[in-house]
Amino acid sequence: METEQPEETFPNTETNGEFGKRPAEDMEEEQAFKRSRNTDEMVELRILLQSKNAGAVIGKGGKNIKALRTDYNASVSVPDSSGPERILSISADIETIGEILKKIIPTLEEGLQLPSPTATSQLPLESDAVECLNYQHFKGSDFDCELRLLIHQSLAGGIIGVKGAKIKELRENTQTTIKLFQECCPHSTDRVVLIGGKPDRVVECIKIILDLISESPIKGRAQPYDPNFYDETYDYGGFTMMFDDRRGRPVGFPMRGRGGFDRMPPGRGGRPMPPSRRDYDDMSPRRGPPPPPPGRGGRGGSRARNLPLPPPPPPRGGDLMAYDRRGRPGDRYDGMVGFSADETWDSAIDTWSPSEWQMAYEPQGGSGYDYSYAGGRGSYGDLGGPIITTQVTIPKDLAGSIIGKGGQRIKQIRHESGASIKIDEPLEGSEDRIITITGTQDQIQNAQYLLQNSVKQYSGKFF
């Protein structure tokens, strides 16, 4: 009696009679098989969570997380951390990961409140031990949510595609918003991929991304993000105080209304992304900083904070002059706008005009230099214009007036200006700290203005 061949031994050399060709339906079956076989492989998904929401995944006495492990035969963990973030790790095949996410997503959106028995009975549960994984105010999955995936930085290119073609296709096909943050998580090689939309669409998008990156080997060293190293001065797409202040509304989705810059595919009716986002869409993987201009030595490194520095603005009514680090004319160009502790930041820049601010951020004349990313092609921000980077130095004893308690001031400045702002730790033996500002020209000018006012208002009032 003829026995059925297992799927794993599907012959690649099968022929169709004497013609030696495969029928079209067989080709389609093989393609479907390849996809299903790939989804059966074990993969790991890591999701960045707010620490306060981890309890809903774990449940009282660990009942929820134990039920997820048992019902889906998967590895699910949420290691503890001392900061505001934790990482949800799920190891299973891609389809199972999708089912687990559909259980978990509602509680990540809603918080830790236990739903009513009526709400619980309306949703099919694998186990009544996961009864708190429900969304109280919505039936089914008709609500917006977002998840933050963690991926190795070398895998970003596979998600973005050539000239952004892949990420655009993902957005359109899954009807989600996808944002790949430029900055790596603190002390790691991980980057955040923010995905927003209806839960089913978000899950489908994540499954496609997992399928993409599971076929790509990681290049370079791997240092997974440890939430214990949370640092509010990094602009990597993690959770901040701003998220809590907005009563849990996802950062990627502002309230409905006019004025937003709509990055959704046309005809979808999704919520727009705001023009004041502190990051910009990354349409190509960052290759590190561009080389310094001739005759200038870059500080090295691969982070935006290490990009070459723009020239300072010239004095009014005069030619471009060299300035020393105290902001005074001198015979040596240091290449960095600097301020000393005794004269304070605002005293040095209070008198700058808008045109002088502009000259501080734009490449000048024949020695012009493109500060944009992506190998000179340039990136464009939400408000138009190339993304550029500039740096300023401040005395380290003034940094507190910018950062604020728990980093609240610097977060607010980032949010209001739309620029990425990073503050370096002082180098050994140095009395200065370097502030790196990345964004469009308008965003950088707004950030400089807000930073100046912060120093002016809070100087001497340290946290």
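Including glycine, each Cβ sits where the backbone N, Cα and C put it.
Here is what Swiss-Prot says about this protein:
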COMPBIAS  19-37  compositional bias 'Basic and acidic residues'
COMPBIAS  276-285  compositional bias 'Basic and acidic residues'
CROSSLNK  Lys34  SUMO1 cross-link
CROSSLNK  Lys163  SUMO1 cross-link
CROSSLNK  Lys422  SUMO1 cross-link
MOD_RES   Lys34  N6-acetyllysine
MOD_RES   Ser36  phosphoserine
MOD_RES   Thr39  phosphothreonine
MOD_RES   Ser75  phosphoserine
MOD_RES   Lys198  N6-acetyllysine
MOD_RES   Ser214  phosphoserine
MOD_RES   Ser216  phosphoserine
MOD_RES   Lys219  N6-succinyllysine
MOD_RES   Ser284  phosphoserine
MOD_RES   Ser379  phosphoserine
MOD_RES   Tyr380  phosphotyrosine
MOD_RES   Lys405  N6-acetyllysine
REGION    54-421  region '2 X 22 AA approximate repeats'
REPEAT    324-329  repeat '2-2'
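Projection of Swiss-Prot feature records onto the structure.
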residue	record	Cβ contacts under 8 Å, 6 or more apart
Ser75	phosphoserine	Arg69, Ser89, Ile90, Ser91, Ala92
Ser216	phosphoserine	Ser154, Leu155, Gly158
Lys219	N6-succinyllysine	Ser154
Near Lys163 (SUMO1 cross-link), meaning Cα within 10 Å, which of Lys198, Ser214, Lys405, Lys422 (recorded positions)?
none
If we check Cα distances from Lys422 (SUMO1 cross-link), which of the modified residues Lys198, Ser214, Lys405 wins as closest?
Lys405
Among all chains shown, work out which of the modified residues Lys198, Ser214, Lys405 has the most CB atoms within 10 A of its CB.
Lys198
Once the chains shown are all counted, how many other Cβ atoms turn up within 10 Å of the Cβ of Lys163 (SUMO1 cross-link)?
11
Lys198 (N6-acetyllysine) and Ser214 (phosphoserine), distance between Cα atoms, whole Å:
24
Looking only at C-alpha atoms, tell me how far Lys198 (N6-acetyllysine) is from Lys405 (N6-acetyllysine), rounded to the nearest Å.
35
Determine the Cβ neighbour count for Lys422 (SUMO1 cross-link): the number of other Cβ atoms within 10 Å of its Cβ.
22
